[in-house]
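Presented below is the structure to which this report refers.
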Amino acid sequence: MKIFLASQIKKWDSFTMRNESVSSLQLMERAAQSCVNWFFNNFENKFSFSIFCGQGNNGGDGFAIARLLYYKGFDVTVFTDENQKFSEDTLVNFQRCKEISAIDILDFEQVNDFTFKENSVIIDALFGIGLNRKIEGKIATLIKFLNELPFPRVSVDIPSGLMADEMIDENAIVFKADETLTFQAWKKAMLHPETGVFCGNIHIMDIFLSDEFNSSEESNEFVTGEKLIHKIYNIRSEFSHKGTYGKTNLAAGSYGKMGAAVLATKAALKSGSGLTFILAPKCGYEILQTSCPEAMFINGGENHIINFDFEEDAVIGIGPGLGTNFQTESAFMEFLKQYKKPLVIDADALNIIAKHTQFLKHIPKKSIITPHPKEFERLFGKTENSFERLKLARQKAQELQIYIVLKDHHTQIITADNQVYYNITGNAGMAKGGSGDVLLGIVTSLLAQNYSPEHAAIFGVWLHGKAGDFAAQKFSKEAMLPSDLIDEIGTVFKYLN
Ligand SMILES: NC(=O)C1=CN([C@@H]2O[C@H](COP(=O)(O)OP(=O)(O)OC[C@H]3O[C@@H](n4cnc5c(N)ncnc54)[C@H](OP(=O)(O)O)[C@@H]3O)[C@@H](O)[C@H]2O)[C@@H](O)CC1
Ligand SMILES: [K+]
C-alpha cells in the first residue's frame, strides 16, 4: 500500500471526481457512510454520540455522520461553532443536520455544562488532513477537555492536531483517539511513535477513490500489506530437496548468552532454511546440539567467538549474544574486511561496528542490518525524532548501498534505492529480550533461501510480527515469549498457504 502525502490525497480526491463523475459532496457522503457502517458494527444502539465538527471538510464528514447515525436510530448531539467559515460541502451538511430537529446542535463552549450520558462516544471531526498550523485558543481548550472524558474517543480521518506527514511540536495539543477511522490509506504520522500514539487502533475506510490514480501516482513509502507478502512468498515446490533451500550459517552466542544463539538458530530452522549451521563458542556446544538437533555446530572459540570460519557457500547472519570481547571484536573486523557477499548483521556485531565507524564502509553491499533505535544512534549519530531518524537512515542506506531494518513499533525497512516499507504486524508483547535474535534468524534463513535482500527483509519483518500476533493471541502480550513466537512461525506459513 502506497503512503501518500496530504497534498497527494487531495489530488486523488480531485482525480476521482473528474474521472469517475462523482461530486465532492457525494465523496463526503461516502466517507461518512463508511464511518457510520463501522459505528453500527461496533456500538450497540444504547450509545449516544457527541460529534465535534470543525469548519473544513473533516467537520463536513462529522455533520454527515451525525445525520446518518441519527437515521440508524442513535442518539446524536453535535458541537460546533456556527460562526466558523464552513467550507462549501460542510455548510451543506451542517444545514442538512440543522433540518433534523432531533439532533441538538450546541456551541463548543456549551460542552462544559453538558451532561454526557453514561454510554457516550466522542467523535472528533474538528480537523482532518487540512490542518496547517498548531491548534490554539478555544479549540485547544476543547480538545484538552475532551481528552479527559471517560468515554471512548474516535477520530475521523486523523486525530485533530496531527499533521498527516510531519512531526508535531512537543507541546502541540492533539485529540487522543482510541480508534481512528481513516480514509483510503495510511498517513505517515500514524506510523511514527511520537504521533502514532494519538491514533489508537487504525481502521482504513475504503471510499473507493480511483485505482488508476493509486497505481500511477509515485510514492517511495509503503505499508507492507498482505497482497505484497503473497507476491513475495515462494510456495515450496514438491520437486525440491534440502539443497534447494540454501545454507544458513549464524554466528552467535558467548558464555552466558547462549540463549540468543539458540533463539536465532531455531528461528532460522523454522523459517525453512535447507541446512543450518551455528558458529558459536565451545561452551555452547551441548546447549545447541540438545536444543537445536537439526543444526550443525561450528566451534568458534572457548567462551566467545575468536574466529569467524563459516561453512562454504552459506548465507551468514551475525550478532546475537556475541558479546564485545576484544578478541571477538578484532576477529569480526578482520572477517568484515575480507568478506564481500551480502550478510545480515545485528546486535553486538552492530555495536562492534559502532565503536569503529570506519568499518561501516566494509559492510558488504546489499547486506541487511537490523538496528533498534539505540543501536542506530550508536552507528550513525543522534537525531531529534523518529522522522529525522528515518531521513538519516534513508541517506545511509543509499550511501552504503545496504538495507536497514529500523526496529520500532512499526519497523521500517529502508532499501538501498531509497524506498521505505513500514511494517504493521507485531505487538507490544514482542518488546522483550530475544525478539531481535529471532528476527535475525528469520531474515538470514530467507536470504539463504534465495529471497532477494529486499524481500528477505520485508517478508522477514512481516513474518516475525505476524508470528508475534499469533503468540499474543494464545498467551497474551505479557506472557508470550520469543520462543512462543518461534513456535507460531508455522502458523503463519499455514496462514499464507
Ligand atoms: N479523500 C479523502 O480523504 C476525503 C476527505 N474528506 C475529508 O476532508 C478532510 C480534509 O478537508 P480540508 O482540506 O477541508 O481540511 P480540514 O482539516 O477539515 O480543515 C482545514 C480547515 O481548518 C483551517 N485550519 C487549518 N489548521 C488550523 C488550525 N490549526 N486552527 C484553526 N483552523 C485551522 C483551514 O483554514 P485556514 O484557516 O487555513 O484558511 C481549513 O479551513 C479530510 O481529512 C477528510 O476528513 C472527505 O470528506 C471526502 C474524501
Ligand atoms: K479529526
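Any Cβ shown, glycine's included, is placed from N, Cα and C.
Annotated in TrEMBL:
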BINDING   57-61, 128-134, Asp157, Ala260, Gly321, His372, Asp437  (6S)-NADPHX binding site
BINDING   Asn58, Asp124, Ser160  K(+) binding site
BINDING   Lys407, Asp408, His409, His410, Thr411, Gly436  AMP binding site
DOMAIN    9-215  domain 'YjeF N-terminal'
DOMAIN    225-496  domain 'YjeF C-terminal'
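A map of TrEMBL features onto the structure.
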residue	record	DSSP class
Asn58	K(+) binding site	helix
Asp124	K(+) binding site	strand
Asn132	(6S)-NADPHX binding site	coil
Asp157	(6S)-NADPHX binding site	coil
His372	(6S)-NADPHX binding site	coil
Lys407	AMP binding site	coil
Gly436	AMP binding site	helix
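The binding-site residues near ligand 1, defined by a Cβ under 6 Å from one of its atoms, are Asn57, Ile129, Asn132, Asp157, chosen from Asn57, Ile129, Asn132, Asp157, Thr411.
Of all the binding-site residues listed here (Asp124, Asp157, Asp408), the one with the fewest other CB atoms within 10 A of its own CB is Asp408. In this structure the alpha carbons, written CA, of Thr411 (AMP binding site) and Asn132 ((6S)-NADPHX binding site) are 27 Å apart.
Selection of the binding-site residues Asn57, Asn58, Asp124, Asn132, Ser160 by a Cβ distance under 6 Å from ligand 2 yields, in sequence order, Asn58, Asp124, Ser160. Within 8 Å of the Cβ centroid of the AMP site, not counting the listed residues Lys407, Asp408, His409, His410, Thr411, Gly436, the chain contributes His372, Leu406, Gln412, Asn423, Gly426. Among the listed binding-site residues, namely His372, Lys407, the Cβ with the most fellow Cβ atoms inside 10 Å is that of Lys407. For Asn57 ((6S)-NADPHX binding site), the spatially nearest entry among the binding-site residues Asp408, His409, Gly436 is His409, judged by CA separation.
Other residues of the same chain near the K(+) site, with their Cβ within 8 Å of the Cβ centroid of Asn58, Asp124, Ser160, are Phe52, Gly54, Gly59, Gly62, Ala125, Leu126, Phe127, Gly128, Ser155, Val156, Asp157, Ile158, Pro159, Phe175. Sequence-distant contacts (6 or more apart, same chain, Cβ under 8 Å) of His409 (AMP binding site) comprise Pro193, Gly196, Gly426, Ala428.
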